[in-house]
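I have placed the structure first, in the form of C-alpha cells, so that the comments after it can refer back to it.
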Amino acid sequence: MDIHEYQAKELLATHGIRMPRGGLAYSPEQAAYRATEIGGEAWVVKAQIHSGARGKAGGIILCKSDNEVASAAERLLGQKLVTHQTGPGGKLINRLYIEETVPIERELYLGFVLDRKEERIMIVASSSGGMEIEQIAEQEPDSLVRASVDPGLGMQQFQAREIAFGLGLDGALIGKAVDTILGCYRVFRDFDASMLEINPLVVSKGEVIALDCKMSFDENALFRRPEISELRDKSQEDPRETFASDRGLSYVGLDGEIGCIINGAGLAMATLDMIKLEGGEPANFLDIGGGASPERVAKSFRAVLQDKNVKVILVNIFAGINRCDWVAEGVVKAIEEVGVNMPLIVRLSGTKVDEGKAILREKAPSVITADTLKDAAVAAVAALKSAQRSAA
Ligand code: GDP
Ligand code: MN
C-alpha cells in the first residue's frame, strides 16, 4: 500500500527528520491560506498523488505570491496527473501540499527497501540525488553506497556513518545525516514499510532536509498497523484492484479483454503467457487460492466483471487442495447470480474433476470446456476474436 508524500513526512517528523514547513490544502483558497501561514516569499505547490516523477509532469509548481499559489492550486486540483509511473490514465489530484522553498546546495538520494532474497532491509544512497534511482544506477553507478541490516542487531551507528561518508558529507553534516538515516530506518521498521525513498535529500544552510518522501507498506502487516491502514487513499488505486482486495482476492488489473480466474500464482502466470502466445491479451491476474468455496469462485467472477473491457472469461483450475466440484458449483452460482453474458471457457483438472465436469454439463451447458491449458487458451482467444468480429 502506498501513501502520500505529506503522510510519509508526518511519519518521518515523529523520528526527528528535518523537512520544509508545509501544510495540506483541498482548495485554492486553503492553499493560499497555508502559504500565508507558513510565511516567507516563495512556496512549492505539490500535487499529492501516489506517484513519483511529479515534477517533470507539471505536478510541482514554484510560486512567488499567495495569488500564484491559489492559481497553481486551481490548475492542479481535480485534474488527473499523468507521470511515467501512473500509466496513461493518470491519477486524480484531490489534495495539495504547500511547502516553503529551501535553497538547495546538494541533492542526495536515500532509499530503504526490503531485500526479499536476503531477508534484510537494504539501504541505497547516492550523492547524485534528484534523478530517479534507475537513472542513477545507469548513469552514476559509482555514486551508489549500500548497506544491509542484520535483523538481529538492527541498523548500527557505524553503518549510517559509512553511508554519510560515502555521500561525501563532512563536518557537522555527518552527524545530521546519521540521525536522518537512523530515524528513517526506525520509521521503516516500526511501521512495517516495504519501501522508503527520500529523493532528493538536500543539504541546505548546514542542515540535512527531506524535500520529498515516498513510502509503501507491507499489506500483510496492515492488520497490526491501524495507524497506517488509516492513511489509505482509495482514490489513488485501480478501482478493480480495490474491489478485489476488499474481498480478500489476490488480483492485479491488466489491459486486455480476457478475464482470468485461476488457482495458484504460478499457474496464473503460465496462463497469462499462454493467452499472449495465442495472440490474446489478459485483462487481469487473479489467484483464487487454495480450497476455494463456490462463494469465493462466484466473488471472483464479480471482481473480473468489474472490468468493462472483459469480453471473454477463462477459468483455469489445477486442483490439488482445491476441488473441481466446488469450482464448478461456483461457476454455476456465478452464471445464475452474477450473470455472465459472454463466452466462458473452463478448464478443470485434478481433484474431483469428473464430478466437476458433470456439474458443468448438467447445470451450465453454455460453458466451453477444455482439457489442457493450451486448449483453454486457444478457445479463449478464438472466442474473443469471434466476439470482436460480431461486434464490428
Ligand atoms: P517528484 O518529482 O514527484 O519526485 O517530486 P519532488 O518533491 O522530488 O520535487 C521535484 C523537484 O522539485 C525536486 O527534485 C526539486 O528539484 C524541486 N523542489 C521541490 N521542492 C523544492 C524547494 O523547496 N526548493 C527548490 N529549490 N526546489 C524544490
Ligand atoms: Mn522526488
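Just so you know, the numbers here start at 1 and follow the chain as drawn.
In case you wondered, yes, glycine gets a Cβ from its N, Cα and C as well.
Automated prediction, rather than curation, is the source of TrEMBL annotations.
What TrEMBL says about this protein:
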- 9-260: domain 'ATP-grasp' (DOMAIN)
- K46, E99, V102, E107: ATP binding site (BINDING)
- N199, D212: Mg(2+) binding site (BINDING)
- N263: substrate binding site (BINDING)
How many Å lie between the Cα of D212 (Mg(2+) binding site) and the Cα of K46 (ATP binding site)?
10
Filtered binding-site residues, from K46, V102, D212, N263, whose Cβ is under 6 Å from an atom of ligand 2
D212
For E99 (ATP binding site), what is the secondary structure by DSSP, using just helix, strand and coil?
strand
The residue listed as 'substrate binding site' and V102 (ATP binding site), Cα-Cα, nearest whole angstrom
52
Maximal Cα-Cα distance (Å) across residues annotated as binding ATP, namely K46, E99, V102, E107
18
Over the span of the domain 'ATP-grasp' (9-260), how high is the average pLDDT in this prediction?
96
Roughly how many Å lie between the Cα atoms of E107 (ATP binding site) and N199 (Mg(2+) binding site), rounded to a whole value?
8
